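Let me begin by presenting the structure, written as structure tokens, before commenting on it.
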Amino acid sequence: MVRTNVVSFVLFAAIVLCILYGQKHIAPWIFEDKSICCKEHPSVGRCLPGIDDDAEKDGKCWKFCIEGCETGGFCKLFEHKHICHCNCSG
């Protein structure tokens, strides 16, 4: 009986810790990726292909992405609009 109560308490405590502190605090070896590469960035605003992703024209998507990714970025089509997408470096 006591053993069942102890196991129940340990499981309950683990669930509470997961909810309160989140997974990144429970498993600190799993880091949060702060890289802008391989991601879309709608915050950059409207992306015009051939203009905003052109390195020679100093396009805003290209400028945003080249700061954190060595291969820059391009305007990627999502549904009916283009969004700035930074290329995957490597």
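From the backbone N, Cα and C atoms, a Cβ is placed for every residue, glycine too.
Annotation source Swiss-Prot lists signal peptide at 1-22. The annotation disulfide bond is assigned in Swiss-Prot to Cys37-Cys88, Cys47-Cys75, Cys61-Cys84, Cys65-Cys86 on the grounds of similarity to another entry.
Feature annotations (Swiss-Prot) mapped to structure.
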{"residue": "Cys37", "record": "disulfide bond", "DSSP class": "coil"}
{"residue": "Cys47", "record": "disulfide bond", "DSSP class": "coil"}
{"residue": "Cys61", "record": "disulfide bond", "DSSP class": "helix"}
{"residue": "Cys75", "record": "disulfide bond", "DSSP class": "strand"}
{"residue": "Cys84", "record": "disulfide bond", "DSSP class": "strand"}
Problem - Cys88 (disulfide bond) versus disulfide-bonded residues Cys47, Cys61, Cys65, Cys75 - nearest by Cα - result: Cys65
Exercise for the section: Note down the number of other Cβ atoms within 10 Å of the Cβ of Cys84 (disulfide bond), including every protein chain shown. Expected result: 26
Practice task
Please work out the number of neighbouring Cβ atoms within 10 Å of the Cβ of Cys75 (disulfide bond), leaving out its own Cβ.
Solution key: 23
Practice task
Starting from the Cα of Cys61 (disulfide bond), work out which of the disulfide-bonded residues (Cys37, Cys47, Cys75, Cys86) are within 10 Å.
Solution key: Cys47, Cys75, Cys86
Problem - For Cys47 (disulfide bond), the one of Cys37, Cys65, Cys84, Cys86 that lies nearest, given that the disulfide-bonded residues are compared by Cα - result: Cys84
Exercise for the section: Would you count the other C-beta atoms found within 10 angstroms of the C-beta of Cys65 (disulfide bond) for me? Expected result: 26
Practice task
Identify, in sequence order, the residues in the chain of Cys37 (disulfide bond) that are 6 or more apart from it along the sequence and have a CB within less than 8 Å of its CB; answer 'none' if there are none.
Solution key: Cys65, Gly68, Cys69, Cys86, Asn87, Cys88, Ser89
Completion exercise
Smallest number of other CB atoms within 10 Å: among the disulfide-bonded residues Cys47, Cys61, Cys86, Cys88, that is Cys88
Problem - Cys75 (disulfide bond) and Cys84 (disulfide bond), distance between Cα atoms, whole Å - result: 5
